[in-house]
Amino acid sequence: MVFEFVLSLFNSVSGNHKIIGISYLWLAYWFGMIGFYMSVLIRTELGMSGLKIITMDTLEIYNLLFTLHGLIMVFFNIMTGLFGGIGNYLYPVLLGSCDVVYPRVNLYSLLLQPIGFVLVVSSVYLEIGSGTGWTLYPPLSTSLSNIGIDLIIFGLLAAGIASTLSSINFITTFASIKTIGFVIDRISPAAWSIVLTSFLLLLSLPVVTAVFLMVFFDRNHSTMFFESSNSGDPILYQHLFWFFGHPEVYIMILPGFGIISLLLSTYTTKEMFGNQTMILAMGSIALLGCLVWGHHMYTSGLEADTRGYFTTVTILIALPTGNKIFNWVTTLQCVESIKSLGLILFAVLFIVNFVIGGTTGVVLGNAGLDVVLHDTVYVVGHFHFVLSIGAIISLICFIVYIQRMLFGIILSNRLLSLMAPIFMIAVLFTFLPMHFTGFSPLPRRIPDYPDEMWGWNFICTLGATMMLVLKLTVLFIISL
């Protein structure tokens with residue numbers, strides 16, 4: 001029944017924002033499953049010390065796995081699901097509009113997503129692939145002679161064009177609202193999160209588009225923008241990429257903030273505490289997020305004054321972030337009735353994960369500590385807590401919120417209440433030990449490690465296996 005419903009969505013060319021939003025969610029689901037299976041392969045290799053699945057002759061496969069895992073989950077799972085899915089399905093409803101201003105542009109954006117995905121994934125089948133890491137740093141990305149890097153670049157450009165079109169559409173829709181009684185500070189934080197995300201995309205996507213094209217010309221037309229032996233500067237690539245890369249973090253998580261705020265106010269039958277301050281906090285985070293890209297580059301030789309600036313501004317982001325946490329927790333206090341305990345439990349999981357990830361982020365924001373921890377799995381544990389798991393939990397919450405439209409069924413509150421603690425245990429097993437092994441230090445992006453690290457890595461693999469079993473169980477339930 002579910003698969004027939006999905007086929008009917010993609011077989012009908014429709015400009016309706018809800019149909020497009022649901023189509024985005026299904027695309028994000030299948031993209032995410034492929035990316036998740038890649039991470040399971042990575043964790044399977046790391047489950048025991050020594051090379052088990054990967055051999056000395058096939059080490060490039062490991063590089064391919066974590067490269068494609070990062071690209072798929074960032075650009076085709078989280079962005080497609082949160083920005084495309086939530087934005088298209090919910091945003092016009094929250095603004096009191098019947099649809100977005102340009103429905104057909106929405107449809108074109110949707111069709112570009114699978115095109116970009118196919119281009120990125122097809123890079124695996126060409127020669128030695130393109131295991132450069134998801135950041136595509138030169139000179140590694142410019143020195144590989146195969147066409148795989150070029151396919152990744154064009155795939156990401158296609159996804160970027162789709163996001164740009166959606167951003168213009170959402171901002172234009174916001175600017176053209178003529179709803180009676182429309183008051184700008186009474187708009188739901190969920191709607192504001194889409195608006196702020198759209199502005200961040202319009203600010204940062206032209207930069208990363210330019211830098212990807214510069215890499216393409218370096219590779220194919222000998223322009224040498226990033227070739228240090230010919231007056232190029234590879235550090236320039238890092239500055240330009242992370243000027244997009246750090247706002248990208250908030251591009252992915254801001255819609256999650258909005259949906260958690262919406263769910264708390266809906267299912268606790270209470271108005272969101274501090275609605276205006278929540279909007280201001282998200283705006284402050286979006287602004288400060290554009291000013292801290294250098295904290296990803298502490299190991300690249302930044303001078304002391306520059307490190308001090310980026311450290312200070314990074315710590316400042318904790319203030320509006322703490323304000324959001326305070327608003328959510330206060331909304332949950334003294335609740336008289338809860339409509340869906342399962343969804344509220346997932347919202348609480350989001351808050352807990354974000355607090356853990358934010359706390360470890362304050363550690364990494366310190367330049368002196370980051371130099372030591374930057375190339376360890378501590379960083380992997382941090383951004384999976386604060387970004388990946390937080391974004392996935394908010395996406396799960398939204399999917400359950402519209403489950404009748406998406407699946408044609410309703411998952412019981414008892415099932416959701418059972419899934420939430422199991423999911424949290426799996427997440428803690430998978431990513432919490434990485435903080436301990438990161439201090440050892442255990443390097444990231446390496447398929448082997450000393451035998452004394454086996455216990456922690458086995459726990460991480462056990463947690464990843466639990467998440468895999470949980471995902472397959474839920475897929476089986478909704479396919480009945």
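Just so you know, the numbers here start at 1 and follow the chain as drawn.
Cβ atoms here come from the backbone N, Cα and C positions, even for glycine.
Cβ-based neighbour count (10 Å, all protein chains) for Glu45 (Ca(2+) binding site) stands at 20. The Ca(2+) binding site feature in Swiss-Prot is assigned to Glu45, Gly50, Pro447.
Its own atom aside, the Cβ of His295 (Cu cation binding site) has 23 Cβ atoms within 10 angstroms in the protein chains shown. Look at Swiss-Prot and you will find His246, His295, His296 tagged as Cu cation binding site, backed by similarity to another entry.
For Tyr250 (O2 binding site), the count of additional Cβ atoms within 10 Å of its Cβ stands at 24 [all protein chains shown]. A helical conformation is recorded for Tyr250 (O2 binding site) in the three-state DSSP classification. Here Swiss-Prot flags Tyr250 as O2 binding site.
The feature Mg(2+) binding site is assigned by Swiss-Prot to His374, Asp375. Cβ-based neighbour count (10 Å, all protein chains) for His374 (Mg(2+) binding site) stands at 20.
The transmembrane segment annotation in Swiss-Prot covers 22-42 (among others) and is backed by sequence analysis. Within its own chain, the transmembrane segment (22-42) is flanked in space by residues 6, 9-10, 53, 62, 65-66, 68-69, 72-73, 76-78, 80-81, 84-85, 88-89, 110, 113-114, 117, 121, 392, 395, 398-399, 402, 405-406, 464-465, 467-468, 471, which lie at least six positions past its ends and keep a Cβ under 8 Å from the stretch.
What Swiss-Prot records for 64-84 (among others) is transmembrane segment.
The feature transmembrane segment is assigned by Swiss-Prot to 109-129 (among others), with sequence analysis given as support. Tertiary proximity for the transmembrane segment (109-129) is limited to same-chain residues at least six positions away from its ends with a CB under 8 Å from its CB atoms, namely 20, 23-24, 27, 31, 34, 60-61, 63-64, 68, 71-72, 75-76, 80, 84, 144, 146-149, 151-152, 154-159, 161-163, 165-166, 169.
Taking Cβ pairs closer than 8 Å, the transmembrane segment (151-171) reaches residues 71, 75-76, 79, 83-84, 87-88, 91, 100-102, 105-106, 108-110, 112-113, 115-120, 122-123, 126, 130, 136, 194-195, 197-199, 201-202, 205, 208-209, 212-213, 215-216 in its own chain, all 6 or more past its ends. Annotation comment: Swiss-Prot describes 151-171 (among others) as transmembrane segment, evidence class sequence analysis.
Residues or ranges marked as transmembrane segment in Swiss-Prot (evidence: sequence analysis): 194-214 (among others).
As annotated by Swiss-Prot, transmembrane segment applies to 240-260 (among others), with the evidence given as sequence analysis.
With a threshold of 8 Å between CB atoms, the same-chain residues lying at least 6 positions outside the transmembrane segment (278-298) that come near it are 185, 187, 189, 192-193, 196-197, 199-200, 203-204, 235, 238-239, 242-243, 245-247, 249-250, 254, 257-258, 261, 272, 306-307, 309-311, 313-314, 316-317, 319-321, 323-324, 327, 364-365, 367, 370-371, 374. What Swiss-Prot lists as transmembrane segment is 278-298 (among others), and the listing cites sequence analysis.
Remote same-chain partners of the transmembrane segment (309-329), defined as residues 6 or more beyond its termini with a Cβ less than 8 Å from a stretch Cβ, comprise 257, 260-261, 264, 272-274, 277-278, 280-282, 284-285, 288-289, 291-292, 294-295, 298, 302, 347, 351, 354-355, 358, 361-362, 365-367. Here Swiss-Prot flags 309-329 (among others) as transmembrane segment.
Non-local neighbours of the transmembrane segment (343-363) in the same chain are 256, 260, 263-264, 267-268, 314-315, 318, 321, 325, 328-329, 332, 369, 373, 378, 381-387, 389-390, 393-394, 396-397, 400-401, 416-417, 420-421, 423-424, 427, 432, 435; each lies 6+ residues outside the stretch with a CB under 8 Å from one of its CB atoms. Swiss-Prot lists 343-363 (among others) with the feature transmembrane segment.
Residues or ranges marked as transmembrane segment by Swiss-Prot on the basis of sequence analysis: 382-402 (among others).
The list of residues near the transmembrane segment (416-436) in space but at least 6 beyond its ends in sequence, with Cβ under 8 angstroms from a Cβ of it, reads 43, 340-343, 345-346, 348-349, 352-353, 356, 360, 377-378, 380-382, 384-385, 389, 393, 400, 456-457, 459-460, 462-464, 466-467, 470, 474. Under the heading transmembrane segment, Swiss-Prot lists 416-436 (among others), citing sequence analysis as support.
Remote same-chain residues near the transmembrane segment (458-478) are listed as 2, 33, 36, 39-40, 43-44, 46-48, 407, 409, 411, 415, 419, 422-423, 425-431, 433-434 (criterion: CB distance under 8 Å, separation of at least six residues from the stretch ends). As annotated by Swiss-Prot, transmembrane segment applies to 458-478 (among others).
Compared over the binding-site residues Gly50, Pro447, the count of CB atoms lying within 10 A of a residue's CB peaks at Pro447. Cα-Cα distances to His374 (Mg(2+) binding site) place His296 within 10 Å, out of the binding-site residues Glu45, His246, His296. Here the C-alpha separation of Tyr250 (O2 binding site) and His296 (Cu cation binding site) works out to 15 Å. Here the transmembrane segment (64-84) has long-range neighbours at 21, 24-25, 27-29, 31-32, 34-36, 38-39, 41-42, 109-110, 113, 116-117, 120-121, 123-124, 129-134, 152, 156, 159, 162-163, 166, 194, 197, 201, 248, 251-252, 255-256, 259, 387-388, 391-392, 394-395, 398, 445, meaning same-chain residues at least 6 beyond its ends whose C-beta is under 8 angstroms from one of its own. For His296 (Cu cation binding site), the number of other Cβ atoms no farther than 10 Å from its own Cβ, over all displayed protein chains, is 21.
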